[in-house]
């Protein structure tokens, strides 16, 4: 196992924080997750695999430094056969780590999920397909390549999906709705408001205080203040420095039972 890089030796190489070296029961030197990962856009793959898929990586990290950081973090869980990452547009912010053993991949997902690499919590799941490195070892590389080529050709024949364009917004009229389940009203429902750095809290108990809310929301990076508390209405606002910081707090505390019969409803504030 290679020693982790030392601070100041090379500014382009990621240096794990102190929490990375805290031993955990059963597995030595497991990184401690420091931020809750954002909710995945699609259900994660739960079929065990030797390869794990990582996204929500910081796109500003240069490729050699990213691979070195991933190697330093994941090599504690077992032998790594390959780390695949590219800097093209389609693959930015993503990577694959291929372990020799499936158990290593499972332990890595459990131990590193949400660990913040350069300020962004990693979102980790099993990869959906076998890696080339694994196929070479089990002797199925030619079949593996053939199946991959067939899948690529099949996708190329599929008609392109129609994407929403920004100029389509002009066609939306007050009093109509094209989204199933969304009421036909002139105002956009809170759940569909675009992200920003201010959160709108609802369903608060009538005895809530700013100090209590600060205790909950102040544990997340970028917290600025709690303001405009209206206990009688059960609402308040929480501001963060940036939109991504507010997003992390929202994902972590939405539906949290802040009091009996009071689960936090959190949306983005209207601007």
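Glycine residues also receive a Cβ, built from the backbone N, Cα and C atoms like all the rest.
Quick look at what TrEMBL annotates:
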- 50-129: domain 'RRM' (DOMAIN)
- 147-161: compositional bias 'Basic and acidic residues' (COMPBIAS)
- 147-170: region 'Disordered' (REGION)
- 197-271: domain 'RRM' (DOMAIN)
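Residue counts for the domain 'RRM' (50-129) under DSSP, split into helix (H, G, I), strand (E, B) and coil, are 26 helix, 23 strand, 31 coil.
In terms of DSSP helix, strand and coil, the compositional bias 'Basic and acidic residues' (147-161) has 11 helix, 0 strand, 4 coil. Summarising model confidence by region, the domain 'RRM' (50-129) averages a pLDDT of 90.
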